[in-house]
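Per TrEMBL, the features are:
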DOMAIN    98-206  domain 'NADH:ubiquinone oxidoreductase-like 20kDa subunit'
Amino acid sequence: MNRLKLAKYTTRPLALTSPSTTLQKPFQVQKPPVNRSKIQTRKVSTGAEKTLAARTRPVSLADEKPSNLVDYALTNIDKLANWARTGSLWPLSFALACCGVEMMHVSMPRYDQDRLGIIFRASPRQADVMIVAGTLTNKMAPALRQVYDQMPEPRWVISMGSCANGGGYYYYSYSVVRGVDRICPVDVYVPGCPPTAEALMYGVFQLQRKIRSSRPSRIWYRKR
């Protein structure tokens, strides 16, 4: 009996010792300390710094203003010649693979490139743009270079499709040239396998933009 009485006063209820009844502080997220020394402030450039940056920035020849009467005359001649060239591009179709089908699609009534003055020519001596569409093989490379040499100056080249740009699907083939630019210089690359007719038209527009920004007469005059 004495042991039971002793146990009665020495034992504690479980509810008082359970962790759920202990008082806890509410959960708080501790933010990391902010190091004020590492905060970078934005530097506001003054007008003199902006003027210096504008002067050191390279300016293209098309955006450069003529400095004398000769440059002014040559600039107007170049603009007139470039206007005529961009409005009457005569491409030579050098179709080698499936990209040639999309190239023919451009001349169909849906896109009608003739309304832009772009007319395919059968002879390289009458063309000023060569569109290489498809896979260029090692046996066809000399013929491509010969056709390019027969084109009169100024002449441009459009590489159409992944195979013409860099070999494409046949990159590791022993008989394929890994890019038309290894045979002749290329002005515009049109990606795709095969690229759509819209992509080819966009490439032609980029070529027209490049022609408009060229100043061959001023370059010739400065080399004298």
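Positions of Cβ are set from backbone N, Cα and C atoms, glycine also.
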Reported mean pLDDT - the domain 'NADH:ubiquinone oxidoreductase-like 20kDa subunit' (98-206): 89
So how many of the residues in the domain 'NADH:ubiquinone oxidoreductase-like 20kDa subunit' (98-206) end up helix, strand or coil by DSSP? 46 helix, 16 strand, 47 coil
